[in-house]
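Data first, discussion second: the structure below is written as C-alpha coordinates.
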Amino acid sequence: MKNIVIIATGGTIAGSGEAGRTTEYRAGTVAVADILKSVPQLGKLANIEMISLMSVDSNEMDEQKWLQLREVINQQAARDDVDGIVVTHGTDTIEETAYFLNLTVNTAKPVVLTGAMRPATATSADGPFNIYQAVALAADDQTYDCGVVCLFSSTIYSARDIAKINNYKIDAFSSLNDHAALGYMRDAEVFITSRPVSKHTIHSKFSQLEYSALPKVGVAVYYAGAPAEVLERLGQDCDGLVVIGTGSGNYSQAWRQKLDALAERGVVVVRSSRVSNSIVFDEPIFDPHDHFIGVNTLTSYKARILLMLCLTQTNDIAAIRQTFFKY
Ligand code: ASP
(Lines of atoms letter the chains of each structure in order from A and count residues from 1; the text may use other names and numbers.)
(Lines give C-alpha, C1' and ligand atoms only; values in the text may rest on other atoms or scores of the structure.)
Protein backbone atom coordinates (compact mmCIF):
# COMPACT_ATOMS: atom_id res chain seq x y z
CA MET A 1 0.00 0.00 0.00
CA LYS A 2 1.06 3.59 -0.68
CA ASN A 3 1.97 5.97 2.15
CA ILE A 4 -0.01 9.22 2.20
CA VAL A 5 0.50 12.20 4.51
CA ILE A 6 -2.58 14.31 5.27
CA ILE A 7 -1.76 17.90 6.26
CA ALA A 8 -4.66 19.68 7.96
CA THR A 9 -5.01 23.47 7.78
CA GLY A 10 -8.64 24.04 8.89
CA GLY A 11 -11.70 25.23 6.96
CA THR A 12 -15.29 24.04 6.90
CA ILE A 13 -14.16 20.45 6.40
CA ALA A 14 -13.05 20.72 10.03
CA GLY A 15 -16.00 22.93 11.03
CA SER A 16 -18.59 22.23 13.68
CA GLY A 17 -21.92 23.67 14.74
CA GLU A 18 -25.40 22.59 15.69
CA ALA A 19 -25.97 18.98 14.63
CA GLY A 20 -27.55 18.71 11.18
CA ARG A 21 -27.25 22.39 10.19
CA THR A 22 -25.10 23.77 7.38
CA THR A 23 -25.00 27.35 8.70
CA GLU A 24 -23.83 29.14 11.85
CA TYR A 25 -20.83 26.90 12.40
CA ARG A 26 -17.17 27.65 13.05
CA ALA A 27 -14.53 26.57 10.55
CA GLY A 28 -11.40 24.75 11.70
CA THR A 29 -12.69 23.51 15.08
CA VAL A 30 -12.68 19.72 14.59
CA ALA A 31 -9.48 17.66 14.41
CA VAL A 32 -9.17 16.08 10.97
CA ALA A 33 -8.07 12.90 12.75
CA ASP A 34 -11.63 12.71 14.11
CA ILE A 35 -13.12 13.11 10.63
CA LEU A 36 -10.91 10.28 9.42
CA LYS A 37 -12.56 8.02 12.00
CA SER A 38 -15.78 8.42 10.04
CA VAL A 39 -14.05 7.07 6.93
CA PRO A 40 -12.86 3.63 8.08
CA GLN A 41 -12.39 2.54 4.43
CA LEU A 42 -9.37 4.88 4.21
CA GLY A 43 -7.21 2.19 5.81
CA LYS A 44 -7.79 0.00 2.76
CA LEU A 45 -6.59 2.72 0.37
CA ALA A 46 -3.27 3.70 1.94
CA ASN A 47 -1.22 3.98 5.09
CA ILE A 48 -2.09 7.39 6.52
CA GLU A 49 0.03 9.81 8.54
CA MET A 50 -1.48 13.05 9.87
CA ILE A 51 0.08 16.45 10.39
CA SER A 52 -2.10 19.11 12.06
CA LEU A 53 -0.28 22.14 10.73
CA MET A 54 -2.84 24.82 11.53
CA SER A 55 -6.53 25.14 12.20
CA VAL A 56 -7.80 28.27 10.52
CA ASP A 57 -10.66 29.56 8.43
CA SER A 58 -8.99 29.93 5.02
CA ASN A 59 -9.66 33.67 5.12
CA GLU A 60 -6.81 33.76 7.64
CA MET A 61 -4.37 32.32 5.09
CA ASP A 62 -1.58 34.67 4.01
CA GLU A 63 1.81 34.59 2.32
CA GLN A 64 3.65 33.47 5.46
CA LYS A 65 1.26 30.54 5.96
CA TRP A 66 1.68 29.58 2.28
CA LEU A 67 5.45 29.54 2.74
CA GLN A 68 5.08 27.43 5.88
CA LEU A 69 2.81 24.95 4.09
CA ARG A 70 5.14 24.80 1.10
CA GLU A 71 8.07 23.96 3.37
CA VAL A 72 6.19 21.15 5.10
CA ILE A 73 5.06 19.69 1.76
CA ASN A 74 8.61 19.82 0.40
CA GLN A 75 9.93 18.11 3.55
CA GLN A 76 7.32 15.35 3.41
CA ALA A 77 7.63 14.84 -0.35
CA ALA A 78 11.41 14.44 -0.01
CA ARG A 79 10.87 11.36 2.18
CA ASP A 80 11.38 8.06 0.32
CA ASP A 81 8.59 6.51 2.35
CA VAL A 82 5.97 9.10 1.31
CA ASP A 83 4.10 8.60 -1.97
CA GLY A 84 1.63 11.47 -1.94
CA ILE A 85 0.22 14.34 0.07
CA VAL A 86 -3.33 15.50 0.83
CA VAL A 87 -3.98 18.98 2.22
CA THR A 88 -7.32 19.78 3.83
CA HIS A 89 -8.21 23.46 3.47
CA GLY A 90 -11.09 25.93 3.59
CA THR A 91 -12.85 26.41 0.27
CA ASP A 92 -12.87 30.23 0.29
CA THR A 93 -9.21 30.67 -0.65
CA ILE A 94 -8.23 27.12 -1.63
CA GLU A 95 -7.70 28.20 -5.24
CA GLU A 96 -5.06 30.72 -4.17
CA THR A 97 -3.18 28.33 -1.91
CA ALA A 98 -3.35 25.60 -4.56
CA TYR A 99 -1.91 27.87 -7.25
CA PHE A 100 0.87 29.15 -4.95
CA LEU A 101 1.84 25.54 -4.20
CA ASN A 102 1.52 24.58 -7.87
CA LEU A 103 4.18 27.19 -8.67
CA THR A 104 6.49 26.57 -5.75
CA VAL A 105 6.55 22.98 -4.46
CA ASN A 106 9.50 20.97 -5.65
CA THR A 107 8.03 17.53 -6.17
CA ALA A 108 6.30 15.53 -8.89
CA LYS A 109 4.59 13.36 -6.27
CA PRO A 110 0.84 13.90 -6.05
CA VAL A 111 -0.25 16.88 -3.96
CA VAL A 112 -4.06 16.98 -3.62
CA LEU A 113 -6.03 19.74 -1.90
CA THR A 114 -9.58 19.18 -0.74
CA GLY A 115 -12.16 20.71 1.58
CA ALA A 116 -15.88 20.75 2.16
CA MET A 117 -18.86 23.03 1.76
CA ARG A 118 -20.66 21.57 4.76
CA PRO A 119 -19.25 21.35 8.30
CA ALA A 120 -18.45 17.96 9.78
CA THR A 121 -21.58 18.17 11.96
CA ALA A 122 -24.01 18.81 9.05
CA THR A 123 -26.42 16.27 7.64
CA SER A 124 -24.70 14.71 4.60
CA ALA A 125 -21.39 16.43 5.28
CA ASP A 126 -19.29 16.31 2.10
CA GLY A 127 -15.88 16.31 3.83
CA PRO A 128 -15.51 12.58 4.55
CA PHE A 129 -16.14 11.52 0.94
CA ASN A 130 -13.87 14.26 -0.40
CA ILE A 131 -11.08 13.09 1.92
CA TYR A 132 -11.65 9.49 0.86
CA GLN A 133 -11.35 10.40 -2.82
CA ALA A 134 -8.43 12.79 -2.23
CA VAL A 135 -6.44 10.00 -0.55
CA ALA A 136 -7.25 7.61 -3.39
CA LEU A 137 -6.16 10.27 -5.88
CA ALA A 138 -2.90 10.96 -4.03
CA ALA A 139 -2.19 7.23 -3.99
CA ASP A 140 -2.76 6.78 -7.72
CA ASP A 141 0.16 6.67 -10.19
CA GLN A 142 -1.82 8.68 -12.75
CA THR A 143 -1.62 11.76 -10.49
CA TYR A 144 2.20 11.77 -10.63
CA ASP A 145 3.55 14.95 -12.30
CA CYS A 146 0.08 16.47 -12.79
CA GLY A 147 0.98 19.54 -10.74
CA VAL A 148 -0.98 20.39 -7.62
CA VAL A 149 -4.60 19.29 -8.02
CA CYS A 150 -7.86 19.86 -6.14
CA LEU A 151 -10.51 17.23 -5.58
CA PHE A 152 -14.15 18.16 -5.05
CA SER A 153 -17.31 16.15 -5.69
CA SER A 154 -15.57 13.44 -7.70
CA THR A 155 -13.94 16.00 -10.03
CA ILE A 156 -10.17 16.54 -10.39
CA TYR A 157 -9.17 20.16 -11.07
CA SER A 158 -5.81 21.69 -11.86
CA ALA A 159 -4.69 24.28 -9.30
CA ARG A 160 -4.21 26.78 -12.13
CA ASP A 161 -7.75 26.72 -13.42
CA ILE A 162 -9.99 25.90 -10.46
CA ALA A 163 -12.28 28.63 -9.14
CA LYS A 164 -15.05 28.65 -6.54
CA ILE A 165 -18.19 29.53 -8.49
CA ASN A 166 -20.92 28.75 -6.00
CA ASN A 167 -21.26 29.43 -2.26
CA TYR A 168 -24.30 27.34 -1.33
CA LYS A 169 -23.96 24.02 -3.16
CA ILE A 170 -21.63 21.09 -2.63
CA ASP A 171 -20.73 21.26 -6.29
CA ALA A 172 -19.02 24.61 -5.76
CA PHE A 173 -16.03 24.53 -8.11
CA SER A 174 -15.33 24.73 -11.80
CA SER A 175 -12.51 25.27 -14.29
CA LEU A 176 -12.85 28.69 -15.90
CA ASN A 177 -12.30 29.76 -19.50
CA ASP A 178 -13.47 26.50 -21.01
CA HIS A 179 -10.44 24.70 -19.56
CA ALA A 180 -11.23 21.07 -18.97
CA ALA A 181 -11.07 19.52 -15.52
CA LEU A 182 -8.19 17.02 -15.33
CA GLY A 183 -10.52 14.10 -14.80
CA TYR A 184 -13.03 12.52 -12.50
CA MET A 185 -13.39 9.75 -9.93
CA ARG A 186 -15.76 6.89 -9.34
CA ASP A 187 -15.44 6.06 -5.65
CA ALA A 188 -11.69 5.37 -5.35
CA GLU A 189 -11.10 4.85 -9.07
CA VAL A 190 -9.21 7.63 -10.85
CA PHE A 191 -9.75 8.68 -14.47
CA ILE A 192 -7.29 11.35 -15.62
CA THR A 193 -8.54 12.67 -18.96
CA SER A 194 -6.20 15.62 -19.57
CA ARG A 195 -2.93 16.98 -18.15
CA PRO A 196 -1.91 20.59 -17.50
CA VAL A 197 0.26 22.30 -20.10
CA SER A 198 1.18 25.33 -17.97
CA LYS A 199 4.41 25.05 -15.99
CA HIS A 200 4.06 23.63 -12.49
CA THR A 201 5.97 22.12 -9.54
CA ILE A 202 9.34 20.67 -10.66
CA HIS A 203 8.97 22.41 -14.06
CA SER A 204 8.37 25.81 -12.47
CA LYS A 205 11.39 28.06 -11.95
CA PHE A 206 9.80 29.24 -8.71
CA SER A 207 10.02 25.76 -7.17
CA GLN A 208 13.82 25.94 -7.13
CA LEU A 209 14.03 29.12 -5.04
CA GLU A 210 13.88 29.96 -1.34
CA TYR A 211 11.67 32.79 -0.09
CA SER A 212 11.54 34.39 3.36
CA ALA A 213 8.93 36.97 2.28
CA LEU A 214 7.17 37.99 -0.93
CA PRO A 215 6.95 41.40 -2.63
CA LYS A 216 3.74 43.35 -2.07
CA VAL A 217 1.17 43.21 -4.85
CA GLY A 218 -2.20 44.93 -4.46
CA VAL A 219 -5.51 44.40 -6.25
CA ALA A 220 -7.59 47.37 -7.45
CA VAL A 221 -11.20 46.87 -8.54
CA TYR A 222 -12.54 49.19 -11.24
CA TYR A 223 -16.27 49.92 -11.53
CA ALA A 224 -18.24 52.61 -13.37
CA GLY A 225 -17.27 55.89 -11.79
CA ALA A 226 -14.49 54.45 -9.60
CA PRO A 227 -12.25 57.29 -8.35
CA ALA A 228 -8.64 57.00 -9.56
CA GLU A 229 -7.29 58.26 -6.22
CA VAL A 230 -7.52 54.75 -4.70
CA LEU A 231 -4.67 53.79 -7.02
CA GLU A 232 -2.40 56.37 -5.46
CA ARG A 233 -2.51 54.71 -2.04
CA LEU A 234 -2.00 51.23 -3.48
CA GLY A 235 0.87 52.51 -5.62
CA GLN A 236 2.65 53.84 -2.54
CA ASP A 237 2.45 50.51 -0.72
CA CYS A 238 3.00 48.02 -3.53
CA ASP A 239 5.67 46.82 -5.97
CA GLY A 240 2.98 45.52 -8.30
CA LEU A 241 -0.70 46.03 -8.92
CA VAL A 242 -3.37 43.80 -10.44
CA VAL A 243 -6.27 45.82 -11.82
CA ILE A 244 -9.64 44.08 -12.10
CA GLY A 245 -11.15 45.91 -15.04
CA THR A 246 -14.35 45.40 -17.00
CA GLY A 247 -14.81 43.42 -20.25
CA SER A 248 -11.43 42.74 -21.82
CA GLY A 249 -9.58 44.41 -18.92
CA ASN A 250 -10.82 47.98 -19.36
CA TYR A 251 -11.14 51.09 -17.17
CA SER A 252 -11.59 54.84 -17.53
CA GLN A 253 -9.08 57.30 -18.95
CA ALA A 254 -8.58 58.68 -15.44
CA TRP A 255 -7.48 55.21 -14.29
CA ARG A 256 -5.29 54.82 -17.38
CA GLN A 257 -3.46 58.08 -16.55
CA LYS A 258 -2.95 57.17 -12.91
CA LEU A 259 -1.74 53.70 -13.85
CA ASP A 260 0.69 55.21 -16.38
CA ALA A 261 2.09 57.39 -13.62
CA LEU A 262 2.51 54.39 -11.31
CA ALA A 263 4.19 52.39 -14.07
CA GLU A 264 6.64 55.24 -14.60
CA ARG A 265 7.49 55.06 -10.91
CA GLY A 266 8.32 51.36 -11.35
CA VAL A 267 5.07 49.71 -10.16
CA VAL A 268 4.38 46.70 -12.41
CA VAL A 269 0.75 46.82 -13.58
CA VAL A 270 -1.18 43.69 -14.58
CA ARG A 271 -4.61 43.95 -16.21
CA SER A 272 -7.38 41.44 -15.57
CA SER A 273 -11.16 41.37 -15.94
CA ARG A 274 -14.17 41.01 -13.68
CA VAL A 275 -15.73 38.75 -16.33
CA SER A 276 -15.37 35.21 -14.97
CA ASN A 277 -14.66 33.69 -18.38
CA SER A 278 -12.22 36.09 -19.99
CA ILE A 279 -8.88 36.35 -21.75
CA VAL A 280 -6.98 39.58 -21.18
CA PHE A 281 -4.23 40.16 -23.72
CA ASP A 282 -1.08 42.21 -23.13
CA GLU A 283 -2.23 44.90 -25.50
CA PRO A 284 -5.60 46.46 -24.60
CA ILE A 285 -8.16 46.10 -27.39
CA PHE A 286 -9.53 49.67 -27.25
CA ASP A 287 -6.46 51.63 -26.25
CA PRO A 288 -3.34 49.84 -27.55
CA HIS A 289 -0.18 50.45 -25.52
CA ASP A 290 2.44 48.06 -24.31
CA HIS A 291 3.58 48.89 -20.82
CA PHE A 292 1.13 46.75 -18.83
CA ILE A 293 0.77 42.96 -18.69
CA GLY A 294 -2.38 40.97 -19.51
CA VAL A 295 -3.33 38.01 -17.30
CA ASN A 296 -4.28 35.86 -20.29
CA THR A 297 -6.55 33.23 -18.74
CA LEU A 298 -5.51 33.54 -15.09
CA THR A 299 -7.94 34.94 -12.55
CA SER A 300 -7.01 38.24 -10.88
CA TYR A 301 -6.23 36.60 -7.55
CA LYS A 302 -3.95 34.01 -9.10
CA ALA A 303 -2.29 36.69 -11.22
CA ARG A 304 -1.43 38.46 -7.97
CA ILE A 305 0.39 35.33 -6.77
CA LEU A 306 2.29 34.88 -10.03
CA LEU A 307 3.26 38.55 -10.05
CA MET A 308 4.59 38.35 -6.47
CA LEU A 309 6.78 35.42 -7.45
CA CYS A 310 7.94 37.13 -10.67
CA LEU A 311 8.88 40.25 -8.73
CA THR A 312 11.26 38.25 -6.55
CA GLN A 313 13.32 37.85 -9.75
CA THR A 314 12.77 40.83 -12.04
CA ASN A 315 10.57 43.83 -12.80
CA ASP A 316 11.22 43.66 -16.53
CA ILE A 317 7.83 43.78 -18.30
CA ALA A 318 8.89 41.62 -21.27
CA ALA A 319 10.27 38.91 -18.98
CA ILE A 320 7.16 38.91 -16.76
CA ARG A 321 4.93 38.71 -19.85
CA GLN A 322 6.77 35.58 -20.98
CA THR A 323 6.21 34.03 -17.56
CA PHE A 324 2.52 34.92 -17.59
CA PHE A 325 2.24 33.21 -20.94
CA LYS A 326 3.83 29.97 -19.74
CA TYR A 327 2.52 29.64 -16.18
N1 ASP B 1 -14.89 30.04 5.45
C2 ASP B 1 -14.55 28.65 5.19
C3 ASP B 1 -13.08 28.58 4.85
O4 ASP B 1 -12.71 28.89 3.76
C5 ASP B 1 -15.39 28.14 4.07
C6 ASP B 1 -15.15 26.71 3.67
O7 ASP B 1 -14.20 26.04 4.02
O8 ASP B 1 -16.00 26.20 2.89
O9 ASP B 1 -12.29 28.24 5.70
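Glycine residues also receive a Cβ, built from the backbone N, Cα and C atoms like all the rest.
TrEMBL names THR91, ASP92 for binding substrate. Of SER55, SER58, the residue it gives for the same site is SER58. Annotated substrate site SER58, THR91, ASP92; additional same-chain residues within 8 Å of its Cβ mean position, judged by their own Cβ, are GLY11, THR12, ALA27, ASP57, ASN59, HIS89, GLY90, THR93, ILE94, GLY115, LYS164. DSSP places the residues of the domain 'Asparaginase/glutaminase C-terminal' (216-324) in helix, strand and coil in these numbers: 41 helix, 23 strand, 45 coil. The recorded positions under consideration are THR12, SER58. Their Cβ neighbour counts within 10 Å are lowest for SER58. Distance from the CA of THR91 (substrate binding site) to the CA of THR12 (active site, O-isoaspartyl threonine intermediate) is 7 Å. Here substrate is bound by SER58, THR91, ASP92 per the record. The longest Cα to Cα distance in that group is 7 Å.
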